[in-house]
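Novice: According to Swiss-Prot:
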type     : residues : note
TOPO_DOM : 7-614    : topological domain 'Extracellular'
CARBOHYD : 40       : N-linked glycosylation site
CARBOHYD : 112      : N-linked glycosylation site
CARBOHYD : 141      : N-linked glycosylation site
CARBOHYD : 201      : N-linked glycosylation site
CARBOHYD : 214      : N-linked glycosylation site
CARBOHYD : 233      : N-linked glycosylation site
CARBOHYD : 282      : N-linked glycosylation site
CARBOHYD : 368      : N-linked glycosylation site
CARBOHYD : 399      : N-linked glycosylation site
CARBOHYD : 422      : N-linked glycosylation site
REGION   : 446-466  : region 'Fusion peptide'
CARBOHYD : 483      : N-linked glycosylation site
CARBOHYD : 550      : N-linked glycosylation site
COILED   : 576-624  : coiled coil
TRANSMEM : 615-635  : transmembrane segment
TOPO_DOM : 636-859  : topological domain 'Cytoplasmic'
COILED   : 663-699  : coiled coil
C-alpha cells in the first residue's frame, strides 16, 4: 500500500506532513498533526484553523492593496497641495503694495539736454494749468547727456508761476526805495502800549529788530522787521527783500491765489522728458513731471504748519508814534504755539500761511522756545519771479486755519536738479518704477493668471502620472502637436515684430508732428512774452544770446516722408494679416491633433516649463526668491518619497484590480470550496481504508511514515483516481484533472514557487470581465487614460498639505531659535565662568591662606 504526504497544496490542508502513528496512539491524540483523521472533533479543529489563517492572509493582502491603491492619489494630492500653497503665497505677495518693480519702457535713444524751457508747462487742477493726471517717474542707472544750456524746473517755475501771478494780479511797481531808520520798540509791563524810539543800537522786540520806513511818493510809512528789507550800500536806503531777484511786480491778487494751497506740477510731453541726477552710483530719475509745488509758499523759508484755530492769538498792542503824514502801517502781532513745525536750513525765522474764508495772511515767526513763536504779519512776499505787496486784511483773522508742507517743497536746489531732455528715437531702457506715481504700468504677468495656470498645469501633471504609459505610446502625436504649437508661437512673434515696426513708424510720425507743433507754440509764446516784458530767457529765436536753433526737426520733407511712412504701414499691415492667417491655420490643426488626455498632460508640462522660465526674471524682490527657495527645498526633500510612491504605483497598477476581484471571488465561492475540500477528504479516506474503518486505523497507528509507498494505497490507485474524476467532472477543467491526478508533483511545484497559475485562474478571469468595481474602476479608468483628473478628497488633502508645509517651516524656525538660545546660554555660561575665575583669583591673591607678614612687636 502506498502512503501519500500532503504539504498544504490542497485547500484546507496545512504545511505539516501527515505521518503514520503507532497503534498505541489514539485517534483523538495529535489531531493537530493529522488533519485528515476522520472524526468530528478533528474536523472542527481543522476548519477553525483554516478560517483563522485565511482571515489573517486576507487582512494582510487588503492592507497592502489599500496602501498601493492610495499611493497614486497621494502623489496627485501632494502636487495639488504644493501648487495651492505656492499660489496662496504668491497671491498674498501680489496683493502687497510694491514700491519698485523691474520693467522696460521705450523712452528714446540718446537723451540730449534742451534749453527749450517753454516745453515745460503747468499741469494740474489750478486755473491756468492744463488738466493732466498721467504722471510717471522711473529710476535708471543710465547716465544722461546734458548740454550746457539745459533748462531746469527752477526756470520753468519762475516763468510759469510768474505768468500766473502776472496775468491774475494787479500790476504795480512797489519795489521802490524806502528811506528807513532803525527804531526800538519798548512796552511797559502795566499797559499794552508800545513806544517807538529812534536809536542807533537796536534791540529785539517780539523776536525781531525793527525799521520805520517812509515812501515819499505814496505818502506811506511802514513799521517792518529788518528781515523783510535789504540795505543798499550801508545807507538809509532800503528795498523789500527779493526785489533784485524778481522782475514782475504785482500788488493785489485774488484771494484764492494767495491761499497757498493749490498744488501744481510742471510737466512735459514727448519727445521731452525731465531727468533728475541723483548723484548716487550714476543713478537718475526720469519722468514727465517734476515734484508737486504750491503757489503760495514763500521762497526764502517755508516752514508752514497746520493746526486748529487756537494755535495763534492776536496780541492787541497800541503803537505810540510821532506825528506823521499819509498812511502809517503798523504791524499785527501774534503769539502762536506750533508742535509740528519744520524749519528750513535750521533757521529760527519761518513763514506761516494762515487763512480763513476770503482772507489770508503770511506770518513771519521767530522761535522763542521749543513750541512758542512770536509772529508778525508780513508786508512783502516773493512767489516765483513775482514780487508782491501782501494785502492787509480789513479785520483780524478769526477761526484761522494753517496749511502744512514739507520744507523741501519749492526748494530751489531740488528744482534745479530737474533738467529738460529730448529724444527722437525708441530704445528700451531698463528702469525701476514707483507704483504710486500714477503711471499706467502693470507688474510682470506672474500674478493671479499665472497662479491659475500653475494650478492647472500641476493638476494635468498629476493626472499624467497615472497615464504615462499611454503618453509613451503616442509620442508622435505629441511631437506633431508641439510642432504646430511652435509654428503658432513663431507666427505670433513675427506678427508682434511687424506691429512693433508699425509702432516705431507711428511714433516717428507723432514725434515729427509734435515737434512742428512745439516749434509753433514756442514761437508764439516767445512773441507774446517779448511783446509784454522783453527778452527774459534763452529762447533760441529772439534773444541776444545768439544760440542757434536746432534744425534737426526740419530735416524731413513732409510730403515725401509721410507718403513713405504710409506705404510702409500698408505693407506691414498686409504681412501681419498673412502671418496671423497662417498662425490661425496652425492653431486649428493643433487643436485637431490635440484631442487626447495624454496630449493635455503634455501641454500641461509645456505650460509649466514656460511658467518656470519666468522665475529668473521675477525681479529684485527678495520675497519671491524666498518663495522659490522654499518650493525647491520642499521638492528636494519630498522627491524620494514621490519617486518611491510612483514606482510602487507603476509596479502595482496591474495587480490592484486583480487583487480586489480575487478577494471578491474568494468570498463568493467560499462555500463551494468548502464542499470540494470535504469531497476530497472523503475520497482520500475511501482510497486509504477501502471502506473499512479498522483497516484505516490500523494503518494510522503504524510506525512507518506515510510517504506515498504504502501497499494498501498501491492496491487501489485506479479506484482513487476514478473517484476523483467522478466527483470533479462537473466542476474542474481538463487541466485541473491532470494536475490533481498527480498530487505529489503539483504540491511540489506549488511549494517550490515555480509552478503554474492557480487552478481557478480561468474562472477568476471570467469574473474580472463580467463584474465591475466601484472606486477601483476609477483607478483602472485613470490608468487607462479615460479618467483625466483625480478629484477625490482634494479639499482634505489640500488643507492637510498646507498644514504640513506650514508646520515644517515653523518647525525649522523653532529649531533654529532653540539653537540660537543654546549658543547664547553657552556664551553666557562662559562669560560667567570667566568672571567667577577672575574673582576667585583676585580673592585668593588678596586673602592668601598663610600670611608671611610679621607684625612689629613693642617691648
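Glycine residues also receive a Cβ, built from the backbone N, Cα and C atoms like all the rest.
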Novice: Rounded to a whole number, how many Å is the Cα of residue 214 (N-linked glycosylation site) away from the Cα of residue 233 (N-linked glycosylation site)?
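Specialist: Answer for this pair: 18 Å between alpha carbons.
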Novice: Within the topological domain 'Cytoplasmic' (636-859), what mean pLDDT does the predicted structure show?
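Specialist: Computed over the topological domain 'Cytoplasmic' (636-859), the mean pLDDT is 58 on the 0 to 100 scale.
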Novice: Do me a favour and check the Cα-Cα span between residue 201 (N-linked glycosylation site) and residue 233 (N-linked glycosylation site); whole Å is fine.
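Specialist: Residue 201 (N-linked glycosylation site) and residue 233 (N-linked glycosylation site) have their Cα atoms 18 Å apart.
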Novice: So which of the glycosylation sites is most packed in, judged by how many other Cβ atoms lie within 10 Å of its Cβ, out of 201, 214, 233, 422?
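Specialist: Counting Cβ neighbours within 10 Å, the top one is 422.
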Novice: Distance between residue 233 (N-linked glycosylation site) and residue 422 (N-linked glycosylation site) at the Cα atoms, whole Å?
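Specialist: It is 45 Å, counting Cα to Cα.
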Novice: Please report the three-state DSSP label of residue 214 (N-linked glycosylation site).
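Specialist: In three-state terms, residue 214 (N-linked glycosylation site) counts as strand.
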